[in-house]
Amino acid sequence: MSSVEVNRENADVANTNRQANLAEGYEIKELNESQKQYIRSSIPILESSGVNLTKAFYQKMLGNYPEVLPYFNKAHQISLSQPRILAFALLNYAKNIDDLTSLSAFMDQIVVKHVGLQIKAEHYPIVGHCLLSTMQELLPSDVATPAFLEAWTTAYGNLAKILIDSEKKVYQSQPWNGFVEFKVTELINESSDVKSVYLGPKDPAFRISHAHPGQYVSVLWEIPGLSHKTLREYSLSNRVDTCRNQFRISVRRVAGGVVSNFVHDNLKVGDIVGVSPPAGNFVYKRSEENVNRPLLCFAGGIGITPLIPIIETALLDGRKVNFCYSSRNYVSRPFKQWLEQLKLKYKENLKLKEFFSEESSVTKEQIVDEVMTRIINEEDLEKLDLSECDIYMLGPNNYMRFVKQELVKLGVEPNKVQSEFFGPYIP
């Protein structure tokens, strides 16, 4: 290692330690009324120009702090979905500055997201510095006064402290922190554009622990041609096999997707990746109260992955499952063999209805109770028995919005529909 590389590494370590010290300095400071008014005065600006502000913030942060690059998907910056969700968060924080309790559910989602990505306390000062300096640079000088910036500095410090403490509690309960090296042990094509990747610890002495059905892991990839490592989240697509000491994820090829195309075209058995501990609250729930209650499951496309262990576990528990599965077409539908085996084993307890949006004709298979060559619609949902069932749903955002909206119209309480969103999402 050259002296330049050593100096750079020492500088990186010193910077990380400095950020960690800053993070430890966060404490809750009650905002006075004058400071709250400064935060409220931000509302019109955030409503009209919030995305422009957060877009500039991300450009500043990602351009000056390479250590945070792995945590962000470039596609989400290009589509502005990441800036939009931050603008949404800032706006609602300002609107609720007098009482943040109404944001508790949203903040819980942030904690889950951060833990899944293994966000650390030392990242918060970076975000705070870039956010405040972006405000100072972009907002008019008569708005971004020292008092205005001080109010936002205090408000951000309060938010950071809440999130850091909440995330710390979750980290303490996890079997490991950070990313452990795992080796690709097997690759299986599940359909024309879905590939399953089996991952086992590089160190055979390292034992994986139980994961709740429905949880996901973050995988740290090193892609040739990229200047930095990059993270992606994947649901565990089977019941975790602790005996074989491995996880399974399943990756759909996305047009233009850097990571998904690498997985499909270049990933090999023996390759090494970093894997986080399982995380997420979209999990199978078992209790004395619901032991005899049926499950109603909706999956759109690759959204089937977390439902595989959820459905399997429910059937093993003796519960009935009504499964509505939507795919683009027959050749892209993954896990055909799994569906066949499950249907043959649980003939009476598993009802399977499939929807293919791109096919004019599909031969009904023995395993399928009903096939539709169209997208799921209101009439399909009206025919379902919605009384006393646990509802699980995962798929594209628009798909989930539609299904949940229609279920609510039919009398289902919104909080009864369990779902999860990957990537930036505005509730």
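Glycine is treated like the rest: Cβ placed from N, Cα and C.
Reduced to three states, the DSSP call for Tyr124 (active site, charge relay system) is helix. According to Swiss-Prot, the active site, charge relay system annotation covers Tyr124 (among others), on the basis of similarity to another entry.
Secondary structure at Glu167 (active site, charge relay system), taken from DSSP and collapsed to helix, strand or coil, is helix. The annotation active site, charge relay system is assigned in Swiss-Prot to Glu167 (among others).
Sequence annotations record features per position, and here Swiss-Prot assigns heme b binding site to His114 based on similarity to another entry. Taking the Cβ of His114 (heme b binding site) as reference, residues of its chain lying under 8 Å away and at least six apart in sequence are, in sequence order, Leu163, Glu167. DSSP assigns His114 (heme b binding site) to a helical segment in the three-state reduction.
Taking all protein chains in view, 28 other C-beta atoms sit within 10 angstroms of the C-beta of Ser235 (FAD binding site). What Swiss-Prot lists as FAD binding site is Tyr216, Arg232, Glu233, Tyr234, Ser235, Phe421, Phe422, Gly423, Pro424.
Other Cβ atoms within 10 Å of the Cβ of Pro306 (NADP(+) binding site), summed over all protein chains shown, number 25. Marked as NADP(+) binding site by Swiss-Prot on the basis of similarity to another entry: Gly301, Ile302, Gly303, Ile304, Thr305, Pro306.
Residues of the domain 'FAD-binding FR-type' (177-285) grouped by DSSP class, helix first, strand second and coil last, total 8 helix, 44 strand, 57 coil. Annotated domain 'FAD-binding FR-type' per Swiss-Prot: 177-285, in sequence order.
Summarising the annotation, Swiss-Prot assigns region 'Reductase' to 176-427 and lists sequence analysis as the type of evidence.
Following the DSSP three-state reduction, the secondary structure of Tyr58 (site 'Involved in heme-bound ligand stabilization and O-O bond activation') is helix. According to Swiss-Prot, the site 'Involved in heme-bound ligand stabilization and O-O bond activation' annotation covers Tyr58.
Marked as site 'Influences the redox potential of the prosthetic heme and FAD groups' by Swiss-Prot on the basis of similarity to another entry: Lys113 (among others). Lys113 (site 'Influences the redox potential of the prosthetic heme and FAD groups') is surrounded by 19 other CB atoms, counting those within 10 A of its CB over all protein chains shown.
Taken residue by residue with DSSP, Glu420 (site 'Influences the redox potential of the prosthetic heme and FAD groups') is part of neither helix nor strand, so it is coil. The site 'Influences the redox potential of the prosthetic heme and FAD groups' annotation in Swiss-Prot covers Glu420 (among others).
Mapped onto three states, the DSSP output places Thr305 (NADP(+) binding site) in helix. Within 10 Å of Thr305 (NADP(+) binding site), judged by CA to CA distance, lie the following recorded positions from the set Tyr58, Glu233, Ser235, Glu420: Ser235. Here Tyr58 (site 'Involved in heme-bound ligand stabilization and O-O bond activation') comes close to Phe72, Gln77, Gln82, Pro83, Leu86: these same-chain residues lie at least six apart in sequence, with C-beta atoms under 8 angstroms from its C-beta. Between the listed recorded positions, namely Glu233, Glu420, the fewest other CB atoms within 10 angstroms of a CB are found at Glu233.
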